[in-house]
Amino acid sequence: MTVSYGAPGRVNLIGEHTDYNLGFALPIALPRRTVVTFTPEHTGAITARSDRADGSARIPLDTTPGQVTGWAAYAAGAIWALRGAGHPVPGGAMSITSDVEIGSGLSSSAALIGAVLGAVGAATGTRIDRLERARLAQRAENDYVGAPTGLLDHLAALFGAPKTALLIDFRDITVRPVAFDPDACDVVLLLMDSRARHCHAGGEYALRRASCERAAADLGVSSLRAVQDRGLAALGAIADPIDARRARHVLTENQRVLDFAAALADSDFTAAGQLLTASHESMREDFAITTERIDLIAESAVRAGALGARMTGGGFGGAVIALVPADRARDVADTVRRAAVTAGYDEPAVSRTYAAPGAAECR
């Protein structure tokens, strides 16, 4: 039986590098999706093809980390995680199509892993709840691919819903829906892809995580979330000033997530926009994960009339989001494109986006 299963990319509205620190984040699922079509066969491997790559990749069912590389490593990681958890995985043919841009900060990797997990589960009739699937996906990305990411991307892809943001508490692993419908207030969410690609399997992401872990160790706690209620004064016990700056971002970002959710409850997109900009400034000054190109896009959007703008995703490239009054959206988009080209960068791809459904079988 052939099955098709789709999983979305995501935009993290606010709450960057907070997930592995057991803090808060507020993502939405995107209308852009990765779809995996899987036909089980009596073979000892899965042959995978992607519309993003030439040729095919052979994934042995007994694959181990490091055996499959490149784009296919994410699919192989999903297979490895499923089998490691005792779930059945048959051989077969797998076809992958996607309109989630790779390296744009929209979590193309989580969309691919989630779609593979869903397709194999649907083909075998295996019922796996969403939280377990998120943990399997994280294990695939952490331990097979080698990207030290948290649960954010996978929870967003699995729990996403139309006109809904997800307030995630990573200490308790709870997901609370928060109404997110800016169009109802004549505000649009602009997604501005810088076309500067990034990769979480690279070293900078891991360095930020290690810095946060050192800061927590200096404070005598297992995660920075444990000192959230103590305020910034607690950071004086952190030995390394760079580690202290990283921790300051995490604590202030957690509060911004909660304040952003409160602003949404009041339909106060002016306040929400200001929090986006404050988040970007914190990522630039304290966490040092933005780039000159990304900063230019965010700052140009605000100067042109956006209520606020910030980089979304793990950093070092990718995309910027902005909340913009609907009647200013075209001017903001034109200004951002012009500013980037004038500075010698590729023209950003600017589009309106919205909160969309999460992962599901394609019927």
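Backbone N, Cα and C define each Cβ position, glycine as well.
Here Swiss-Prot flags Arg10 as site 'Transition state stabilizer', drawing on sequence analysis. Neighbour count (other Cβ atoms within 10 Å of the Cβ, all protein chains): 31 for Arg10 (site 'Transition state stabilizer').
Feature annotation from Swiss-Prot assigns substrate binding site to Glu16, His17, Thr18, Asp19, Tyr205; the stated evidence is sequence analysis. In the three-state DSSP scheme, Tyr205 (substrate binding site) is classed as helix.
Over all protein chains present, the Cβ of Gly103 (ATP binding site) has 19 other Cβ atoms lying within 10 Å. What Swiss-Prot records for Ser50, Gly103, Ser104, Gly105, Leu106, Ser107, Ser108, Ser109 is ATP binding site.
Residues annotated as Mg(2+) binding site in Swiss-Prot: Ser109, Glu141. DSSP gives Ser109 (ATP binding site) a helix state.
Summarising the environment of Asp153 (active site, proton acceptor), the number of other Cβ atoms within 10 Å of its Cβ, over all protein chains shown, is 30. The active site, proton acceptor annotation in Swiss-Prot covers Asp153.
Secondary structure at Glu16 (substrate binding site), as computed by DSSP, is coil. Using Glu141 (Mg(2+) binding site) as the reference Cα, a 10 A cut-off selects Ser109 from the recorded positions Arg10, Gly105, Ser107, Ser109.
The Cβ of Glu141 (Mg(2+) binding site) has 27 other Cβ atoms within 10 Å, all protein chains considered. Closest by Cα distance to Ser107 (ATP binding site), from the recorded positions Arg10, Thr18, Asp19, is Arg10. Taking each Cβ in turn and tallying the other Cβ atoms within 10 Å, the top scorer among the binding-site residues His17, Ser107, Ser108, Tyr205 is Ser107. Put simply, Asp153 is the one of the recorded positions Ser104, Leu106, Ser108, Ser109, Asp153 whose Cα lies nearest to the Cα of Thr18 (substrate binding site).
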